[in-house]
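One structure is given below, encoded as structure tokens.
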Amino acid sequence: MTVTVKMLVDKLKLKVVYGNEELLAKAITTADISRPGLEMAGYFDYYSPERLQLVGMKEWTYLKTMTANNRYSVFANIFREETPAVIVARGLEIPEEMLQAAKENGVAVLQGRNSTSSLSGDMSWYLNSQLAERTSVHGVLVDIYGMGVLIQGDSGIGKSETALELVKRGHRLVADDRVDVYAKDEGTLWGEPAEILLHLLEIRGVGIIDVMSLYGASAVRDSSQVQLCICLEHFENDEVFDRLGNSNEEIELQGVKIPRIRIPVKTGRNVSVVIEAAAMNYRAKQMGYDATKTFKDRLTDLISKNGED
């Protein structure tokens, strides 16, 4: 996905101090952000001009100790054709020499009101999510108790209907039919809807419904961390399904492994309640409580007592 300077401005509500349409249309190619303190001191080894340049209180205070000519020389060296933009944090005053060098080198100058660390974190979060490589998977993503659950299964098995029931039970729809997944950082998988399908759910016999319009803003999310995969399968008498919770199945998406639970579907079974229970049980395991282990311990104790008798 291409991220432009204007997209960053709109997302973080930054002020454009200098920059025309052409400069704001520049592509940001990396999520890495540079704070050019060493460069201001004249050290340019390993300098990465393709990064966003963030000026905070430390850099700004150091600039104040320089003469006007030195300030201009610093920015003339920092600003390159491939530099997307420079952002000044805390609403600090923009030095005239910075503006002059930016105009001469074609670099947008932006200003943010937040602290430097807050602004840096917001930019990194946004850029990491937007620039990450994406994979589209078939399924429905629902946020259940703050945990993203990817529901998969054959076409027509009832994934969307199950998601609708979960929404009615107070959970939140993230994506239906197509889920775009990406690894935001090592070991963390996120999912979001395709833009054209945002907040929409397709129900056979009814058609497409807008979940946000029908159930309100609290019934949807734009993205969620995917932590569990539920696979709905047609119930077959000769098929063996896990009954004790011993299964350690996993699926791998974008290099991240997440647990996978197979749930049989048959007439009269309330699948949404089962999925809700599976999500809560998984969270309980993450917190250190394992009902399967508790059952095994009780069974072992019972066998030991019977053996003694």
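Every residue, even glycine, has its Cβ placed from backbone N, Cα and C.
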Listed range which Swiss-Prot flags as region 'Important for the catalytic mechanism of dephosphorylation', given the options 48-53, 156-161, 252-257, 264-269: 264-269
Those residues of the chain, 6+ apart, with a Cβ under 8 Å from that of Ser155 (ATP binding site): none
Residues satisfying Cβ distance under 8 Å from Lys159 (active site), sequence separation of at least 6: Gly139, Val140, Ile151, Gln152, Gly153, Leu232
Residues flanking the ATP site, with Cβ no more than 8 Å from the Cβ centroid of Gly153, Asp154, Ser155, Gly156, Ile157, Gly158, Lys159, Ser160 and excluding those residues themselves: Leu232
Reduced DSSP assignment, Glu202 (Mg(2+) binding site): strand
